[in-house]
């Protein structure tokens, strides 16, 4: 299975509309975000779990008071349990029901390109930082995917670029250690996330990057 150049594949989740397209090169600009679809030495696809959910982060950025939260109920299913408890603590009225204690904010590892960096140097730096220096890169793949994500909750569009990255560590090397990175709380196998809304399109990304020529 493969994806031809400029062919677009669309996925939709309750929160996102994602366009995936194979391209030749990653543009270099101050706003370029690059991500690595990491494969362990024993063949497992890796994914990161954010320390803070995007929904809670957005709510915090919009608040004018430290004591009052105004929250749309449609956001609640996309937050961590501790974040919901904080919202509940500040509620003047209403209640929070149907909490999912197993929610995780899954993301590909990577980040924003520094203008002085190459694409691969940026990914090496980001992987080192986000794993507390546990991940080292063996080699990168040659296939590049452009990911265009429309966040339906906040009506925003994000563009990123992704390539495969084969690392020197096994899944066991990474799964039994604590991470203290400010953004990432855990690195785990994507195979353990089959019930997540993002699993289908993340699996597709990994399959395209690993199997395409």
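Placed from the backbone N, Cα and C atoms, the Cβ positions cover glycine too.
Within the listed segments 111-132, 133-154, 155-176, Swiss-Prot records motif 'Nudix box' for the stretch 111-132. Record check, Swiss-Prot: N(7)-methyl-GTP site residues include 50, 151, and the candidate from 16, 83 also listed there is 16. For the Mg(2+) site, Swiss-Prot gives 117, 126, 130, 151; the one candidate out of 12, 86, 183, 200 that the record lists there too is 183.
Taking each of the binding-site residues 130, 151, 183 in turn and counting other Cβ atoms within 10 Å of its Cβ gives the largest count for 130. Of the candidate binding-site residues, 16, 50, 151, the one lying closest to residue 130 (Mg(2+) binding site) when CA atoms are compared is 50. Taking every protein chain shown into account, 16, 126 are the recorded positions, and of these the Cβ with the most other Cβ atoms within 10 Å belongs to 126.
Long-range neighbours of residue 50 (N(7)-methyl-GTP binding site) (same chain, six or more residues apart, CB within less than 8 Å of its CB): 104, 105, 106, 107, 183, 184, 185. Sequence-distant neighbours of residue 117 (Mg(2+) binding site) (same chain, 6+ apart, CB under 8 A from its CB) are 125. Taken residue by residue with DSSP, residue 117 (Mg(2+) binding site) is part of neither helix nor strand, so it is coil.
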